[in-house]
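Look at Swiss-Prot and you will find G32, P33, N34, G35, S36, G37, K38, S39 tagged as ATP binding site. Taken from Swiss-Prot, the feature compositional bias 'Low complexity' applies to 953-967. Taken from Swiss-Prot, the feature domain 'SMC hinge' applies to 515-629. Under the heading phosphoserine, Swiss-Prot lists S358, S360, S957, S962, S966, S970. The annotation N6-acetyllysine is assigned in Swiss-Prot to K648, K713, K1037 on the grounds of similarity to another entry. The annotation region 'Disordered' is assigned in Swiss-Prot to 284-307, 350-369, 946-969.
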Amino acid sequence: MGFLKLIEIENFKSYKGRQIIGPFQRFTAIIGPNGSGKSNLMDAISFVLGEKTSNLRVKTLRDLIHGAPVGKPAANRAFVSMVYSEEGAEDRTFARVIVGGSSEYKINNKVVQLHEYSEELEKLGILIKARNFLVFQGAVESIAMKNPKERTALFEEISRSGELAQEYDKRKKEMVKAEEDTQFNYHRKKNIAAERKEAKQEKEEADRYQALKDEVVRAQVQLQLFKLYHNEVEIEKLNKELASKNKEIEKDKKRMDKVEDELKEKKKELGKMMREQQQIEKEIKEKDSELNQKRPQYIKAKENTSHKIKKLEAAKKSLQNRQKHYKKRKGDMDELEKEMLSVEKARQEFEERMEEESQSQGRDLTLEENQVKKYHRLKEEASKRAATLAQELEKFNRDQKADQDRLDLEERKKVETEAKIKQKLREIEENQKRIEKLEEYITTSKQSLEEQKKLEGELTEEVEMAKRRIDEINKELNQVMEQLGDARIDRQESSRQQRKAEIMESIKRLYPGSVYGRLIDLCQPTQKKYQIAVTKVLGKNMDAIIVDSEKTGRDCIQYIKEQRGEPETFLPLDYLEVKPTDEKLRELKGAKLVIDVIRYEPPHIKKALQYACGNALVCDNVEDARRIAFGGHQRHKTVALDGTLFQKSGVISGGASDLKAKARRWDEKAVDKLKEKKERLTEELKEQMKAKRKEAELRQVQSQAHGLQMRLKYSQSDLEQTKTRHLALNLQEKSKLESELANFGPRINDIKRIIQSREREMKDLKEKMNQVEDEVFEEFCREIGVRNIREFEEEKVKRQNEIAKKRLEFENQKTRLGIQLDFEKNQLKEDQDKVHMWEQTVKKDENEIEKLKKEEQRHMKIIDETMAQLQDLKNQHLAKKSEVNDKNHEMEEIRKKLGGANKEMTHLQKEVTAIETKLEQKRSDRHNLLQACKMQDIKLPLSKGTMDDISQEEGGSQGEESVSGSQRTSSIYAREALIEIDYGDLCEDLKDAQAEEEIKQEMNTLQQKLNEQQSVLQRIAAPNMKAMEKLESVRDKFQETSDEFEAARKRAKKAKQAFEQIKKERFDRFNACFESVATNIDEIYKALSRNSSAQAFLGPENPEEPYLDGINYNCVAPGKRFRPMDNLSGGEKTVAALALLFAIHSYKPAPFFVLDEIDAALDNTNIGKVANYIKEQSTCNFQAIVISLKEEFYTKAESLIGVYPEQGDCVISKVLTFDLTKYPDANPNPNEQ
């Protein structure tokens, strides 16, 4: 990795003459008093690395020469050179020389162009434009105070994506323009297509004109033929109908007699049916009563079955428990039997071993025969002497054995009692476990029930609140809709207004906090009546844009020009000169200051409002406005409520209609608010409807709570039963057994005391008997070499006693195991009996359930049968009722027939008369039709006769009442009857029409068709003979427009591709930098804070195009909660800013990093952390050159460069260097104290 080795300065700023500064170590600190020239050294490094003059704290390049600022330049040139060193490569020198008013760049003493110079530096990782190698004084605080938008600008500068911003905007404009051109050509093409369609229609109309004339003639013939054909058909039909009616009159008389006979028969049938219906109703009542009696029996049987099923479930549960007990007891007994067999086996093995040992010992202890005889003789003699004592001892032995047996019995009973107590303890433990489980289940169930109840309450409250809120929202929505309806404002923004709104949003986004908005959007008249007056006074300033400064305004104007927007008026608050408000005007009667009737937000736009309103006064009417304006010794600017304005100059202006239109813009603001409220209420209504739909969930929760409550009730009952019955009984029995066990102790102790007392007496008797034996066996004992005869006997019987003792132990073990085995057998038998008993109970309950189910089914079957019978009877009743109704209906019909028989006769006679009249009318109609055809010159196709045979006289006139007139009419009809018309040209469909309505419809259709054709013919003017030429012209024009549209579409596509390409390049540059910084910043912040709990994270406001909006930067200081950056302390802000600086530096890092007083705002703790971090990084990542005034910081450096001033015409900086690597750090780790 390369590093900055030396800096050579000549006549640069405060450095007079030539000075070589260095060498620079990996971590070098520059120190010195204020004003000594430390920052000038940093400026020198910046200068040689190509920094702009404006960032070097001078106005012109010449001002960088020593003494130039005071008018005494030390020379006409100055330069700074830098020696850059890399491992394994030659040192390179970069120099920048001030010659006259320009810079000259050199690499290794060779003059190069600026771009070559920059490229070489970029190869080393030094980016001049991004300034990734230095941090100026105050830059840390500046970064800490940056807002998200300024942070984005910083990233744009670092990533160099900002270089593409101008191209990005240009491509975007080209894309938008190309899309607009495409849309324009599309609409143009659409209009020409409409013209082409119109030309086609003109040609088609000319072709149709002649065809329509021919159609009219054919339609006239068809209509007349249709009328005549159906007239003749109707005449023929009427003749047949007349003959038919005469026959019907004869038949009607015979039908009347038959109807009377039928009526009598129907009356008899109806009487029979009604009697049957009454019988069925009686049977239905009986079955209904029977069913009401059977239902309770079925319900009772069902309840018995349900109850028995529950008992069966409980019995099965008990059976399972007893079976578990039985299996456990059986296992215990098997273990005891195994133990018994083991003891018996051990006893047998012992007996066999003793037998073998006794045989071997018997051979060793055998006396001589004479000695044996002597022993037996002496033994007999001793027995005789101690006979009394032996009898007394025998009596003691008998008593002792009896007491020992009694002691063994008591101890056996004690063991049995202890076993029973253990059994009861097991049962009590089982009861307690069951109680614990039940209590645990009850507790859990209660908690669950409480949760369910709570949930039910919450859901109920939520649903009820939702219902109430829905009603409220609907009322509010209705009110809003009414208000919107009353407003009757249909605002459709023009593209011009939309464009202005877009530009307004853009400059607000570009200059957040500096652009406040349009004046009309920031203020509102206090009352509606003032709207017109305020509108008049504000005038063109209504749409003026308020900004904080003149610079912001000029920047906005430049932006609008670039966007080709319309001219806008800006009111910069720092530039406006406003006269103070005349307080005396507030005392005038009948007038108010216009500024006093306007509400505005934010408060600091008041200056702009004062500028727009001045000292203008608003009055209620024109007279007051004129009086106050011109009536006093001093003129005032006044306005009436109707908008009449009186200027001080005497000019009076109105324009009420135009003002009202402008004033409506105040109302439009209210309408916008109403629309926003409507949208908000609609969204809330959707949310509340979702909550209301939780009713189904509420019902489910209620059902679950009910089920849980029932199970809890049963569990509590079971718990109570277990506590009060099973546990209490077992505790009582255990207490009784413990009482019995307590009585065994005293009895056993009493027996033991008696046995011990008797043993002492027996011991005294034995001692007396021993004295007798010693006297008798004295000589014999000397002979065999023992002290006394007992020693001989004990030696012989000792073995037997040990064997007897061992045998007794085996016997006791067998006795104990036998007792336990007998007890377990008894308990096992009890368990087996209980299992058997529960099996019998289960079997019995199952049999009873089977019987009860059969009984239930039997009752159900009876009910089903009864219900089926009842339903059958009801069906019969309905059928019979229907039959009776039908019969009544039939009788009613017969009565109607009979009652109307005479009327029918009269009716038939009337019909005959009517038919004759119709026949006469049809003949008259035929005559009129033929006469009309002759008069209208409609050529009818005739097969017999000619058009001349048609009479010109009127036929069937109402005035003709004489016999001669009738005869003449009949003669005309007879002559015209000879004319036969050829209906071959008449369509068959028209001939087939039969019904009068159908004939009328067809006739109307033909007439309508004829009328339409005639109407169309009348409307159509003479055909356009140039229609074809026009069509050809329009087709050519359409093709031309289509080509233009296609070309515009391709241009739009190309423009979009170009825009997307530059957008992608800009995004890639920005995102590469952002992702690198965002990835590293948390780790760097942790390292700076020396605490892994510290957190730092970056987030773009616009992830799609992050360079268009701000970047949020947040830190969580160690041991603290999350707080916004503004709420962090000064030191925390500085550490956060340093983390961001180092993270930015990690993206395309420069080999060295020059930092000017970054520790200014840090306390000692944070200084140590930052210094240690820089020291760590300088060893492997970058060379650090830091200007610092704080000892805690620069003592961590590897070398020091001291800058001190010498006074002259201006300050002269001198430099000292000091290598700290020779002096090891006494405390390398600041955390180790």
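Residue 1 is the first one shown; counting continues down the chain.
The backbone N, Cα and C atoms fix where each Cβ goes, glycine too.
Same-chain residues at least 6 positions away in sequence with a Cβ under 8 Å from that of K1037 (N6-acetyllysine) are, in sequence order, I192, E195. Taking the Cα of G32 (ATP binding site) as the reference point, the closest of the modified residues K648, K713, S970 is K648. Residues G32, P33, N34, G35, S36, G37, K38, S39 make up the record's ATP site, and a Cβ search at 8 Å around their centroid adds V1203, P1205, S1213 from the same chain. For the recorded positions N34, S970, the ranking by surrounding Cβ atoms (within 10 Å, all protein chains) places S970 first. A coil conformation is recorded for G32 (ATP binding site) in the three-state DSSP classification, outside any helix or strand. Considering only the recorded positions P33, G35, S36, K38, K648, S970 (phosphoserine) has K648 as its nearest partner by CA-CA distance.
Remark: of the recorded positions K38, K648, K713, the most isolated position is K713 (fewest other Cβ atoms within 10 Å of its Cβ).
Regional average pLDDT for the domain 'SMC hinge' (515-629) in the model is 87.
Distance between Cα atoms for K713 (N6-acetyllysine) and S39 (ATP binding site): 87 Å, as a whole number. For P33 (ATP binding site), the count of additional Cβ atoms within 10 Å of its Cβ stands at 12 [all protein chains shown].
The two recorded residues S39 (ATP binding site) and K648 (N6-acetyllysine) have their Cα atoms spaced 60 Å from each other. On the backbone, the CA of P33 (ATP binding site) and the CA of K648 (N6-acetyllysine) stand 65 Å apart. Residue pair G37 (ATP binding site) / K648 (N6-acetyllysine) shows a Cα separation of 63 Å. Cβ packing within 10 Å was compared across the binding-site residues G35, G37, and the lowest neighbour count falls to G35. Put simply, K648 (N6-acetyllysine) is 60 Å from G35 (ATP binding site) when counted between their Cα atoms.
Counting only the Cα atoms, the space from K648 (N6-acetyllysine) to N34 (ATP binding site) is about 61 angstrom. Residue counts for the domain 'SMC hinge' (515-629) by DSSP state, with H, G and I taken as helix and E and B as strand, are 61 helix, 22 strand, 32 coil. Sequence-distant contacts (6 or more apart, same chain, Cβ under 8 Å) of S36 (ATP binding site) comprise V1203, Y1204, P1205, V1211, S1213.
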